[in-house]
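*Asks:* The structure that follows is given in the form of structure tokens.
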Amino acid sequence: MNIFNPNHDRKAIVIFSGGQDSTTCLFQAIAEYGKENIEAITFQYGQRHAIELEKARAIVQDLGIKQTLIDTSVMKAITHNALMDEQAHIEQKENELPNTFVDGRNALFLLYAAIYAKGQGIQDIITGVCETDFSGYPDCRDVFIKSMNVTLNLAMDYQFNIKTPLMYLTKAQTWQLADELGVLNYVQKHTHTCYEGIEGGCGKCPSCILRNKGLKKYLTQKGRKNV
């Protein structure tokens, strides 16, 4: 897995939630661009658990990365979703999108990230969306990202480059990438992925299951290679 492609003459902004995927992307960006050329942008969209924002803030402070927090909580007033409703039960009905899907969220995040990036003279926008393990989320697909990239370039007459380093990686391969970057233990300990907002994860929600299954698979594969 090619993770080091020095690009220290450019700057990049990472859409950062404090979860496993965006934290892995943040570390890869630091390796590629240099810490001094990286910024993080985090969105307060009305998520049901404050721990997400707390983890994101703690990680960027620990790493010495500039973070910009954008309030997009108006989303909570115009769409209903289990990730923004503390009383909602997380579920997925057959042949339907899971109720954790937030309509328009990634489109909005990319739009705001692009507006901010252009103001800072930054062209590269990094996001941790992934098509391989995606839970049916249409805005995690490569075709959406490519379309959004073209749209933003046309809308602002600016050459953005939306990068998705995890797009075709399984969750096990994402853990492998973190390990190759030397931060597997850090990602495992400091990131938050749980839909239920439980420190260390509930182990039962779809996000925890995917995360834990991927880690177990990677560690098993790694153990076999080391035998």
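Glycine too: its Cβ is placed from the backbone N, Cα and C atoms.
Straight out of Swiss-Prot:
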BINDING   Phe16, Ser17, Gly18, Gly19, Gln20, Asp21, Ser22, Thr23, Thr24, Cys25, Leu26  ATP binding site
BINDING   Cys194, Cys202, Cys205, Cys208  Zn(2+) binding site
*Asks:* Cα distance, Cys208 (Zn(2+) binding site) to Gly18 (ATP binding site), nearest Å?
*Replies:* 14
*Asks:* Mind giving me a neighbour count for Phe16 (ATP binding site)? Other Cβ atoms within 10 Å of its Cβ, every protein chain shown.
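*Replies:* For Phe16 (ATP binding site), the 10 Å Cβ neighbour count is 29.
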*Asks:* Around the Zn(2+) site recorded as Cys194, Cys202, Cys205, Cys208, what other same-chain residues have a C-beta within 8 angstroms of the site's C-beta center?
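*Replies:* Everything else in range on the chain: Thr193, Tyr195, Glu196, Ile198, Gly201, Gly203, Lys204, Pro206, Ser207, Ile209.
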*Asks:* To the nearest Å, how far is the Cα of Phe16 (ATP binding site) from the Cα of Cys202 (Zn(2+) binding site)?
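*Replies:* One finds 22 Å between the Cα atoms of these residues.
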*Asks:* Would you mind checking how many other C-beta atoms are within 10 angstroms of the C-beta on Ser22 (ATP binding site)?
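*Replies:* For Ser22 (ATP binding site), the 10 Å Cβ neighbour count is 23.
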*Asks:* Return only the integer: C-alpha distance in Å from Gln20 (ATP binding site) to Cys202 (Zn(2+) binding site).
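*Replies:* One finds 15 Å between the Cα atoms of these residues.
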*Asks:* Can you tell which of Leu26, Cys194, Cys202, Cys205, Cys208 has the most other C-beta atoms within 10 Å, given these are the binding-site residues?
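*Replies:* The residue with the densest Cβ neighbourhood is Leu26.
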*Asks:* Other residues with Cβ within 8 Å of the Cβ centroid of Phe16, Ser17, Gly18, Gly19, Gln20, Asp21, Ser22, Thr23, Thr24, Cys25, Leu26 at the ATP site?
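*Replies:* Filtered neighbour residues, in order: Val14, Gly128, Thr191.
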